[in-house]
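Report on the structure given below.
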Amino acid sequence: MSTNENANLPAARLNRFKNKGKDSTEMRRRRIEVNVELRKAKKDEQMLKRRNVSSFPDDATSPLQENRNNQGTVNWSVEDIVKGINSNNLESQLQATQAARKLLSREKQPPIDNIIRAGLIPKFVSFLGKTDCSPIQFESAWALTNIASGTSEQTKAVVDGGAIPAFISLLASPHAHISEQAVWALGNIAGDGSAFRDLVIKHGAIDPLLALLAVPDLSTLACGYLRNLTWTLSNLCRNKNPAPPLDAVEQILPTLVRLLHHNDPEVLADSCWAISYLTDGPNERIEMVVKKGVVPQLVKLLGATELPIVTPALRAIGNIVTGTDEQTQKVIDAGALAVFPSLLTNPKTNIQKEATWTMSNITAGRQDQIQQVVNHGLVPFLVGVLSKADFKTQKEAAWAITNYTSGGTVEQIVYLVHCGIIEPLMNLLSAKDTKIIQVILDAISNIFQAAEKLGETEKLSIMIEECGGLDKIEALQRHENESVYKASLNLIEKYFSVEEEEDQNVVPETTSEGFAFQVQDGAPGTFNF
């Protein structure tokens, strides 16, 4: 990038670029940057909160003998429920609580607000402590879980009712189905956001939750129970501003690493989501995870056949390579690049986009890391993405290419041109996205600088002209954005200007593979552009 070109670019944007000698971290793009469109699905694929609408197998065998009074609890009104709960008769309270639970477990429009307005939450919370009557503990826990699965306002009503410490006490219940319901409820509360997550942690939920997983063999736990525990732990790792407390993360990580080696697909998916949340932050947070040695297992899961596992594993790997060159190297050393041909051609648009975003942060690394990208044959895949992927993915590819041309050697840039980057790069200049036009103009400028070192700018100009690129660059001189029109003007004046002294005899020698560019200093060999 030439000095006068630099002058045209907003400082904030320049800071994201690495010129030779600039720290590569400036080029890495995290999800939190404001002026780069977030490379994120509209919503995380992982559920924030979950409602329990299933019938528990324990119902039939619980001391409740539900079938005995099934008819009695099906069509209760909220008024009937209030009456039953406010009675001093335990049997009536139990029936009323069960009726409330059934209403709240309705698939369509459960009357959560009516139940809250009726003032039933404090009653349900008090029932959680009735150790002498496990059925009412279970029914009230289930009812509260479903209230907490609603809006933030509804979750707040459960928290304000004092449910957090009551649920934490229930984690140690001798009845597995009650303990599991408490796990689920705490997951819903923590999933609401940072404030409630930290409240759950502050009330001391982590120790008893981890104690439930402290068994020699995880496969001795019931599958649903283990899935619920993993999901709740992942919600304790979730959300930013602020991120979870560091000591909590340190405490949870060893168990997460263990879960990451389990064989159940849902447990693996939620463990990967947890790791993806923990790596979505500054380098110190990434380091906490990387030093636990999880990268090889994440890379293994990156090659899984199940999309629900691949999605968060890729997100976690993508987050790790936003870190330092050393953290990125851990990902490369674990063999991640071998999985990228399939990720970059994945039929799921979102996987392609995240994989390309990840590549853009790897090409922002050192020259030996760019060389690994070359050695793994990934450049043709990036050219393919730039040529024909969904537009959001093409944008990520443009970043990947610009980062590559900013930090790569002349040889690496020549190889990029040889792989056919010029035409798809030029085609994207017609996009209506100013940011991406700026990124592409930077790439073109970087490629020209490499050509200058070889005395090959004329031949590069011809290539650009032949694929219609010159017309596009000329049109950008009338662009409304100042840095776009100045950068395009700069390219035209420097490399396409008629006033420039021209040697009419310079025509690129055509080979079967395209234009052959001679190295100016007489170095052996020909660079095929």
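Cβ atoms are placed via backbone N, Cα and C, with glycine included.
Annotation source Swiss-Prot lists domain 'IBB' at 2-60, citing sequence analysis.
Annotation comment: Swiss-Prot describes 45-54 as motif 'Nuclear localization signal', evidence class experimental evidence. Long-range contacts of the motif 'Nuclear localization signal' (45-54) within the same chain: residues 105-107, 110, 142, 145-146, 148-150, 155, 181, 184, 187-188, 191-192, 231, 234-235, 238, 269-270, 273, 308, 311-312, each at least 6 residues beyond the stretch ends and with a Cβ under 8 Å from a Cβ of the stretch.
What Swiss-Prot lists as repeat 'ARM 1' is 71-111. Looking at the repeat 'ARM 1' (71-111) alone, the prediction's average pLDDT is 93.
The repeat 'ARM 2' annotation in Swiss-Prot covers 112-151. With DSSP classes pooled into helix, strand and coil, the tally for the repeat 'ARM 2' (112-151) is 29 helix, 0 strand, 11 coil.
Sequence annotations record features per position, and here Swiss-Prot assigns repeat 'ARM 5' to 246-282.
Per Swiss-Prot, the feature repeat 'ARM 8' maps to 367-409. Residue counts of the repeat 'ARM 8' (367-409) by helix, strand and coil are 36 helix, 0 strand, 7 coil (DSSP-based).
Marked as repeat 'ARM 10' by Swiss-Prot: 457-496.
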Other parts of the chain folded back onto the repeat 'ARM 8' (367-409), taken as Cβ under 8 Å at six or more residues beyond its ends: 1, 17-20, 24, 27, 29, 37, 39, 325, 328-329, 332, 337-338, 340-341, 344-345, 349, 352-353, 356-357, 359-361, 415-416, 419-421, 423-425, 427-428, 431, 433, 435-436, 439-440, 442-443, 446-447, 450
